[in-house]
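Written out below as structure tokens is the structure these notes cover.
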Amino acid sequence: MSAFAYRNGILHAEDLPLDRLIEEVGTPAFVYSRADLQAAYRRFAGALQDAGLDARICYAVKANPHLAVIRSFAELGAGADVVSEGELRRALAAGVPADRIVFAGVGKSDGEMALGLETGILQFNVESREELLRLDAVARGLGKTAPVALRVNPDVDAKTHAKITTGKSENKFGIDIRDIPELLQLAGGLPGLAIKGLAVHIGSQITQLEPFEAAFRRVAELFTEMRSAGHPLEHLDMGGGLGIAYQGESLPSVEDYAAVVRRTVGQLGVPLVFEPGRHLVGEAGLLLARVLFVKQGRSRRFLILDAAMNDLLRPALYDAWHEIQPLREAAPDATRQPFDVVGPVCESGDIFAAGRPLPEMAAGDALAFRSAGAYGATMASTYNSRLPAPEIMVSGSHYSIIRARPSHEQLMAQETLPDWL
Ligand SMILES: *Cc1c(COP(=O)(O)O)cnc(C)c1O
């Protein structure tokens with residue numbers, strides 16, 4: 001059951017009517033339900049535990065890096081998966097213990113490596129020979145030993161959007177599975193490194209179990225071989241990627257996912273790390289917007305909103321589909337007409353939905369884009385000098401503005417004019 005539902009004809013977040021909220025905070029605005037964030041975490045963790053797995057969950061911060069979101073998971077015992085210095089600092093600031101932080105990503109700078117070493121993170125997921133050598137040098141320079149997992153590219157098609165598939169050999173991610181034995185050998189001889197395990201992450205918004213199954217089997221086989229060859233592999237990092245139902249489609253449950261994990265890697269008998277992002281935050285957030293105009297074109301009707309691609313990039317970037325719900329529930333027998341739902345940004349790509357059947361709407365009406373908690377606010381920009389949408393966290397009938405809408409003066413204050421201009 002989602003925290004976002006109609007009550008008395010008004011869309012609510014938990015016990016808070018959203019029409020009242022936007023009177024106070026304006027639009028566009030992101031809204032997160034704390035209850036739904038924590039429920040998603042508990043379901044995910046519970047399913048792995050029920051499958052008898054020794055699992056550590058490291059929330060993938062990039063899906064939604066707000067401190068309040070990270071802290072909501074940290075309170076439940078979550079670690080963090082980070083891909084930059086900024087995310088590492090956020091995870092620490094939100095209260096995630098350093099020894100529960102995994103540092104992933106294909107391009108870590110010396111400074112980022114040093115920060116991870118100095119704070120004592122759980123491990124670096126290393127994605128190339130070049131990175132392995134660099135991390136060894138940085139660690140030795142600091143008199144430290146870097147805990148390392150090698151990220152395996154298993155050459156498996158995740159069957160998701162091309163821009164979020166990461167486990168094919170032509171992708172920039174991970175180390176070709178055939179090169180792992182040689183790199184483990186190399187790493188074993190580098191005094192600045194301590195090999196801890198292997199990692200795999202094949203993509204995002206994965207909606208079938210077969211790609212996971214194929215990737216996990218390959219990695220389990222490799223793990224067994226490498227352990228037999230004498231490499232001290234202690235744990236396995238399974239990545240994230242489990243999708244959510246944007247269109248109400250039927251998806252594998254977390255229980256089905258846990259069963260696949262159990263039958264593919266369970267027999268290894270090692271602790272497992274999981275890095276879910278979208279699955280924990282996607283459905284716990286929405287983006288609120290208002291209709292500025294209903295524009296009647298020659299052949300199409302446009303719903304022009306005050307939200308745009310700079311607020312929610314996923315439709316423009318990934319052809320993503322988000323459910324659109326009016327804040328005032330339409331009558332069950334209301335007729336629906338196709339609308340092109342667009343923003344005000346000067347790009348033809350600034351379109352949220354084409355020909356979407358919606359009940360009659362008028363200027364001033366408010367609506368919600370569902371499942372905008374993941375890869376929403378975090379991908380936002382100020383393109384067209386639009387102000388970033390505020391973020392609001394709801395708990396029960398309370399809410400807190402967890403990031404305020406800045407003023408234009410504040411945005412411009414970040415720029416300086418050269419004194420010769
Ligand atoms: C992005 C990413 C994740 C999270 O992916 P989701 O699809 O949001 O679960 C996990 N691990 C790594 C290495 C990532 O890059």
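Cβ atoms are placed via backbone N, Cα and C, with glycine included.
Positions annotated as domain 'Orn/DAP/Arg decarboxylase 2 N-terminal' by TrEMBL: 36-281.
Per TrEMBL, N6-(pyridoxal phosphate)lysine is recorded for K62. The number of other CB atoms found within 10 A of the CB of K62 (N6-(pyridoxal phosphate)lysine), across every protein chain shown, is 22. Following the DSSP three-state reduction, the secondary structure of K62 (N6-(pyridoxal phosphate)lysine) is helix.
Per TrEMBL, pyridoxal 5'-phosphate binding site is recorded for G241, E275, P276, G277, R278, Y375. For Y375 (pyridoxal 5'-phosphate binding site), the same-chain residues 6+ apart in sequence whose C-beta sits under 8 angstroms from its C-beta are K62, A63, N64, R278, G282, L313, R314.
Its own atom aside, the Cβ of R278 (pyridoxal 5'-phosphate binding site) has 24 Cβ atoms within 10 angstroms in the protein chains shown. What TrEMBL lists as substrate binding site is R278, R314, Y318, E347, Y375.
Annotated pyridoxal 5'-phosphate site G241, E275, P276, G277, R278, Y375; additional same-chain residues within 8 Å of its Cβ mean position, judged by their own Cβ, are A60, A63, S204, G240, L242, H279, L280, A374. Secondary structure at R314 (substrate binding site), as computed by DSSP, is helix. If you take the Cα of P276 (pyridoxal 5'-phosphate binding site) and the Cα of E347 (substrate binding site), they are about 32 angstrom apart, rounded to a whole number. When the Cα positions of R278, R314, Y318, E347, Y375 are compared pair by pair, the longest gap among these substrate-binding residues is 27 Å. For the pyridoxal 5'-phosphate site, whose binding residues are given in the record as G241, E275, P276, G277, R278, Y375, the maximum C-alpha distance rounds to 15 Å.
For the pair formed by E347 (substrate binding site) and G277 (pyridoxal 5'-phosphate binding site), distance between Cα atoms is given as 29 Å, rounded to the nearest Å.
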